[in-house]
Structure formats: structure tokens, C-alpha cells
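To start, the structure itself, in C-alpha cells.
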Amino acid sequence: MNKIIFTFSCLLMMIFSLLSLSVGAVSISIPDLWYSLLQKDTSFSFIVWEYRLPRVVISILSGFGLAVSGVILQSLVRNPLASPDVIGLTKGAGFFAALVIFLFPSSPSYVLPAAALTGAFLVFILLLLLSKRLTLSPDAFALVGIAIGAVFQSGIQYLLVKYPADINMTLLWLSGSLWGRGWSEVFSLLPWILILLPVAWWQYPKLNVFQLGDEYSQTLGLDIIRQRFWLLLLSVSLAGVSVASVGSIGFIGLIAPHIARKLVGGRHQLLIPLAAIIGANLMLIGDSIGRIIIVPREVPVGIMTAIIGAPYFVYLLRREHKRKG
Amino acid sequence: MSRFTIRKQKPKTFLLSLFAVIFIFIVIGFFISLKWGQATISWRILYEAITYQGQDKEHLYIQTLRMPRTITAFVIGVHMALAGLLTQLVTRNPIASPHIFGINAGASLSVVISLIVFPSFTLTASVYFAFIGAILGALLVFSLAGIQQKQHVRLALAGIAVHFLLSSLTEGLIIMNQHSTDSMMFWLVGAVNQAGWQEVQTLLPWSITGITIFLFMLPSFRLLLIDDDVALSLGQRIMFVKLIGMLIVILLAGSAVATCGPIGFVGLLIPHVARLLAGEKLGTLVPLTGLLGGLLLVYADFFSRFIAYPYESPVGILTAVIGGPFFIYLARKKGRASL
């Protein structure tokens, strides 16, 4: 059963990738796409190689990062409603990105992702400080995260109102967009994901134990506080690098782990890879639909993922309720 | 749980002087709010303007801009604080507020949709849209989190997730309609600086309706201070009371958002301050919460004029600056209690 699920979702990822390559302001038929990918001198080669392929790769990588970050957080907080955006990470990253866009609009392109990453790690430090170095209960930790996120959110809004001239660029970044992303972004994201993803997967025994509750994990010999620290750091890094390259895309980190958990259950050795693939799928389909809904303009992928993901999420939680109630 | 500990009722003299002090501060707030701002008005002209004796430019400035604005700020503060108190009572959740519950964001989203789809809509009509959005936001949160008691964190997480979802949709709509961005930003933060007499006129019927029902239902709302099971066994229709409670929240918060955008954190902060000052007795808690809410917003509106002088900053940012740290404090306190 699990094999079927994995094969199917990988297949879906390939289909969505092809779809994402072929649709847009200029739609490319599958045979044309094939030729353009093989030989670089057809009329569509430029679009495919310079515009659409990097987008597809970035979609997949950032989908991986956000989804796995969500899996880790949900296991840490022991609550299926936790996610990088709810806990304030993406808001912190967004605030710093907005600072750069508004205050240093002429800074070189690598500054923006660096600032976003800084913001994510600042939230991490704040979380550590305000949760008494993670000794608070997971519930309190989640609330502190929500509060930090709310504060950064209002910071973002202050900047938006103060500097109305660059508002659209910032809103675009804040809702998460793949517009204009090229190979340089791919290569700045790729090494991080390649390192962090396997590291995250290797943590699966700890994450499995974590789900059981603090007392169990302690009895089983887990140094909770220290493990929490490392797992949180891992989650922040994954979300941080993803957000730095695509903007603060919400809901992937919330929905992808959820769907994956419904399919393969709570064992993290399966949950982490499946959630990653589902996250990538959501990114790909969100980006593709966003490009064709109102040609020639684009709906930012972050908004599309929210629109696609939210109803499904509500449906999932409703079902969970009925089972419990 | 704190609601079971019977706190000593504060002495009457203390409460009376408390209300007197608040009243005085509100009056002072009104005056300084009328006097200072982008332009300073002399006391003489201020007096003439309030008594409608002068017809100069400055008189008109006071009469048509600052007076409605200050009144709107006060009324919005009352709305938000009372809506927050009621949300906390109905959900038994000390960290609840219309802002965290997706009610504000839902109202915002539906107003923005109505403005884009029907650009000729009047303010009065968009209030109804705000109600619909507020109801949908609340329903979404409750369907995500369930209405069981003692699910504080689940409710908060569901609420903030819905809040982010709805406000990201609002942001999306704003991005898609670039020409209207400047005026639309308003719907993300909340500000009173564009409020005129029309806003006051739109707000007042709803505040009278909402507050009247609130006071009328006050004896029943006492039920919300005891456990559901106890109330049920006393033969009370607790679900009905809760439903009325949420209806009032939607009336108050929805109309406030429709006129001034989603001003956050007032509904979270003020009920706690009021509870600290006056204890749990609803008869004093409710008026105190309302007045303190109005007070906070009048002063917040006043100070927001000077954050980026001479430009105005939306008042929602100032309330967030005050309310955000308080939220963190509350989260830590509640977290320790639940350990």
C-alpha cells in the first residue's frame, strides 16, 4: 500500500512538473517541450530552460523544505495545527525582507534572501528566550510562537503603510512568488536542501518518540530539551532557506504533513519523505494554476496554495472531528 | 482555574473613583485629540468649533475631520473591547479575541471582495458584507477547532491559521487590483484617520443594538463564568446563550471592521486589564471594559499621529505594538499554568 502511495505521488510530481513546464503565458505542447528539453536550439528552448525549468526546480526544493519543516514542528509541538507560518518563522523572515525592500531598495539581489534567513533565525532566538530555553510546555511554546508572529506581522504592516511606493513588490514577496526566479536562486537553495533533508530524515526515531509525550520520551532516554533545540533549529533552517528563496509561502508546511499523515500514519521514516513530495506537488500545481488563471498576469503561488489547500484542510479536520466526537 | 477562585470584591469607593478617573481621562483624551495633530488648533477656536459658533476653515476642520474621527476611535474601541471580552467568555479562553479568531480577517476579506466586485457600494452595505465575512471566519475557526472546553491552544492555532489564510487572500486581492492598492491597505491594518460623520452614523446603530442586547443578556452571560456541565444541570440553555454571545461579537466586531478595518489586540488586551482592575463581576467588568477600550483607542489614535510626523500612521499598528508584547506575556503565563 505504502509503495503504491509513494509511486503514485512521485508520478504525480512528474506530471505536475511537465504541466508547470508547458503552461503559462506561452503554452508549449508536450512534443515541443520534449524537443526543447533535448536540444537547446528550438524556439521554445529559451523559455523552457531559462524561465520554467528553474521555477520547477525551486518549487520542488522549497516544497520539500517547507513540508519537512512543518512535519518536525508538528511533532515537536505535538499539535497538527502547528506550522512554520503559525509559529512566526515566515513572519519574521517577511519582516526582514520587507525592511530590505523598503530601506535598501538598490541592494544586490543576494541581500534579500540573506535578510529573510536572518529574520527566521531571529524568531528562533526569540522563541528560545521567551520559552525559557524551551522548558515550557509545547502548548505554551506554540502560543509564544503565535504571539511573536503577530508582532512581526504588525511590523510588516507598519512598513507597508510607511512606504507605500514599493507596496506591490513587497506584497508579492510576502505572499510568496516564483516570479523571476532563475538558476542562481536554484543553486543557492539546492545545497541547503541537499544537506538538511537527509539530516531531517535521520532524526526519524527521535521524532517518533517525541510524539508519545514528554514522559515517555524521557523514560526512553531522550534528553528532551536538548533534542527540542536541535529539532527546532533544523525546522527553522529548512523553513528559513525555503522562505528566503521563494518568499513567505504559507500553508505548505501545514497541509503537506497533514495529507501525508492521513496517507501513511505517524511513522516519520515514511512521513518525512511523503510530506516532502506532497509539498513539492502543492507548490508545482499552485504555481501552474497561478500562471494560467489570468493570463498574462500571475497569481502568486502562495495565494494559490492557500486557495487550493485550505478547503482540503478544513475537510480533513472535519473528518477527524467526526471520528473523535 | 482562576474563575473558581472567589476574588474579594473590590470596595465600592475604589470602583467609583476608578470610573471617575477613566471618565476624566476620556474627556482629556477627546480634547487633546481635537487640539493636536498635523495642525495645532488654539483653545479659543476649539471652543468655538465645538459649540458651532465659527465657520472658518479651522472650525470646519475640527467639525468635519477631528470630531468624527475621535468619536469613531472611541466607539471602535468600545466595540473591539466588548467583542473581545465576550469572545473570551463564550470560548472560556483567556487568549481569545476577534482578531485571533479570524473574525476581523473574515470581515476584512469580504469587504475587500465587495469593494472590488461592486465598486459603487456604500459604507452601509459593506457593513452587511463584513457581517457575512465575520460569521464565515468564526464558523471556519470553530469547525477547525471544535467547541470543546479546555482546548485553548488548539483554538488559538486554528484561529491564527484561519487568520493567516483569510488575510493572505485579502493581500492577494489587493495585489491583483494594483490601481486601488493605497486605499486598500487600510483593510489590512485598520485606521480611523479617514473616518467622517458618515462612519459615525453607520457605526452608532450597530453599537446601540449590540450593547443593548449585551446588557439585556447580562444575567444569562453570568452562566459563562461557570462550567458548562454545571450550567446544563441547572437547566440553562447554555448553547443558546453562547450563540447570542457570538452574535453580539459579530455585530460589534463586524461593524467596527467595516468602518475602520481590522484593528487588532484591543479585544485581547483590554478585558484582561479590566479584570485585573475590577474583578470578575460582570456588572462592573462590562462597562469598565467598554470604557477602557474607548480610552485606549482615543489615545492610540492621538499618538499614532506623531509616530511618523507629519504623516499619519494607522492606529492598528500602535495597538499591535502595545498588544503584541502583552500577548507574549499572556502566552507564557498560560503556558506555565497548563504545565
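Just so it is clear, glycine is given a Cβ too, placed from its N, Cα and C backbone atoms.
Values in this document were obtained by computation on a predicted structure and should not be read as measured data.
Among the features that TrEMBL reports, transmembrane segment is placed at A:6-35 (among others).
The annotation transmembrane segment is assigned in TrEMBL to A:56-74 (among others).
According to TrEMBL, the transmembrane segment annotation covers A:86-104 (among others). Same-chain residues lying 6+ beyond the ends of the transmembrane segment (A:86-104) with a Cβ under 8 Å from its Cβ atoms: 69, 73, 77, 111-112, 115-120, 122-124, 126-127, 142, 145-150, 152-153, 155-156, 159-160, 162-163, 166, 169-170, 173-174, 236, 239-240, 243-244, 247-250, 254.
Positions annotated as transmembrane segment by TrEMBL: A:111-129 (among others).
Panel annotation: around the transmembrane segment (A:141-161), residues 76-77, 79, 82, 85-92, 94-95, 98-99, 102, 119, 123, 126-127, 130-131, 134, 167, 170-171, 174 of the same chain, lying at least six beyond its termini, place a Cβ under 8 Å from a Cβ of the stretch. Summarising the annotation, TrEMBL assigns transmembrane segment to A:141-161 (among others).
The transmembrane segment annotation in TrEMBL covers A:182-204 (among others).
The transmembrane segment feature in TrEMBL is assigned to A:229-258 (among others).
For A:270-293 (among others), the entry in TrEMBL reads transmembrane segment. Sequence-distant contacts of the transmembrane segment (A:270-293) (same chain, at least 6 residues past either end, Cβ-Cβ under 8 Å): 2, 5-6, 9-10, 12-13, 16-17, 19-20, 23-25, 55-56, 59-68, 70-71, 178, 197, 200-201, 204, 207, 249, 252-253, 255-257, 259-261, 263-264, 299-305, 308-309.
Feature annotation from TrEMBL assigns transmembrane segment to A:299-317 (among others). Beyond the ends of the transmembrane segment (A:299-317), by six or more residues, the same chain brings 59, 172, 174-179, 246-252, 254-255, 258-259, 262, 282-283, 285-287, 289-291, 293 to within a C-beta distance below 8 angstroms of the stretch.
Of the two recorded stretches, the transmembrane segment (A:182-204) does not lie close to the transmembrane segment (A:6-35), with fewer than three CB pairs under 8 Å once pairs fewer than 6 apart in sequence are set aside.
Against the transmembrane segment (A:229-258), the recorded stretches A:6-35, A:56-74, A:111-129 differ in Cβ pairs under 8 Å, and the greatest number is found for A:56-74. Residues 42, 44, 47-48, 52-53, 55-56, 59-60, 273-274, 277-278, 280-281, 284-285, 287-288, 291-292, 295-296 of the same chain, all 6+ positions outside the transmembrane segment (A:6-35), place their C-beta atoms under 8 angstroms from a C-beta of that stretch. Under 8 Å from some Cβ of the transmembrane segment (A:56-74) lie the Cβ atoms of residues 13, 17, 20-21, 80-84, 87, 89, 178, 181, 185-186, 189-190, 192-193, 196-197, 200, 203, 207, 231-232, 234-236, 238-239, 241-243, 245-246, 249, 252-254, 256-257, 260, 268, 271-272, 275-284, 287, 301, all in the same chain and six or more residues away from its ends.
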